[in-house]
Amino acid sequence: MSIRSNFVRLLKKQVNIIKLQKKCSHSVAVIGAPFSKGQKRRGVEHGPAAIRSAGLIDRLSNLGCNVCDFGDLHFSQVPNDEQYNSIVKHPRTVGLACKVLAKEVGKAVGAGHTCVTLGGDHSLAFGSITGHAQQCPDLCVIWVDAHADINTPLTTPSGNLHGQPVSFLLRELQDKIPPIPGFSWAKPCLSKSDIVYIGLRDLDPAEQFILKNYNISYYSMRHIDCMGIRKVMEKTFDQLLGRRDRPIHLSFDIDAFDPALAPATGTPVIGGLTYREGVYITEEIHNTGMLSALDLVEVNPVLATTSEEVKATANLAVDVIASCFGQTREGAHTRADTIIDVLPTPSTSYESDNEEQVRI
């Protein structure tokens, strides 16, 4: 990377930080999406409640955010929702849920909020990104996950739609997507150059083929080991923001973290992100000043073996979201009663000094 490009990035980063300091109050919409039909394991529908119970709303408020918690959406189970092609599960139910979520995310972003969607399983990202794109058609996506979620309905080995949302989003893959029941409303809204993956370490054969043959950018855990997370983020921003600033949609699956940190999730894969790597990603996204919407998905309290595992996973989810809005590891004090402009200076003499002289 040239010295000039490094200087330009540093200058843009400083300008964005100044903008963020001036705009100390983000307007944040929180939408709960308690949905689980994109996969087979019960409990992920309780993710929004677990994240809220871990103190999300208070944490965001203490960061100076104006938080509008819109509560949880209601998702209907479509009756007689037969499998597509004898493998794709709950297509009508998932399609309807994504349509409902797309509408609500679009409304929130259109009203000027940064939208936080609490999942729920990752099939929901098709809805949240579609709704976001309706308001911000030039958006880009950073997908942080152990999995690529880019199988098509014809390549999926499991039939679970939480492993397929990206294939529905990409224009380049639309000739590979059959007409799935429940998705007739859906239109692709991304090009392959609009998305970057971070944290991958469990890919199906068809996903490997798609990523390599369609030249989709991704950084696996091996890339992170070799390059370091700072370089990964620099290259990510070079691709997505190098030519122009544009809205960022962050889709963050909690299983991107190592299972030792996030045990309460449905598809854990050993060797994931450390706390420092994961939070560095979100701190750097915050510093761009371009975050417009984010998903935090796949927290599943039912799969934890102890209450401590539930707490650890939910607290980690809160830290991820909070660092998207200014929480840093140096501390983030934005409320008026915590900001210090001048350090106190002692006076030249104290009453205790005079008393000491009298005593002498």
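Glycine residues also receive a Cβ, built from the backbone N, Cα and C atoms like all the rest.
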Further binder of Mn(2+) 1 named by Swiss-Prot next to His122, Asp145, Asp149, taken from the candidates Asp238, Asp245, Asp253: Asp253
Site-mate of His147, Ala148, Asp149, Ile150, Asn151, Ser158, Gly159, Asn160, Thr267, Glu298 for substrate in Swiss-Prot, selected among Asp72, Asp81, Asp204: Asp204
Through the lens of DSSP with three states only, how would you label Asp253 (Mn(2+) 1 binding site)? strand
Tell me the Cα distance separating Asp204 (substrate binding site) from Asp149 (Mn(2+) 1 binding site), rounded to the nearest angstrom. 9
Taking every protein chain in this structure into account, which of the binding-site residues Asp145, Asp149, Asp204, Asp253, Glu298 has the most other Cβ atoms within 10 Å of its Cβ? Glu298
For Asp255 (Mn(2+) 2 binding site), the number of neighbouring Cβ atoms whose distance to its own Cβ is within 10 Å equals 28
According to DSSP, folded down to helix, strand and coil, what is His122 (Mn(2+) 1 binding site)? helix
His122 (Mn(2+) 1 binding site) and Glu298 (substrate binding site), distance between Cα atoms, whole Å: 6
Chain-mates of His122, Asp145, Asp149, Asp253 with C-beta within 8 Å of site centroid, Mn(2+) 1: Ala125, Trp143, Ala146, His147, Ala148, His162, Pro165, Ser251, Asp255, Ala256, Val297, Glu298
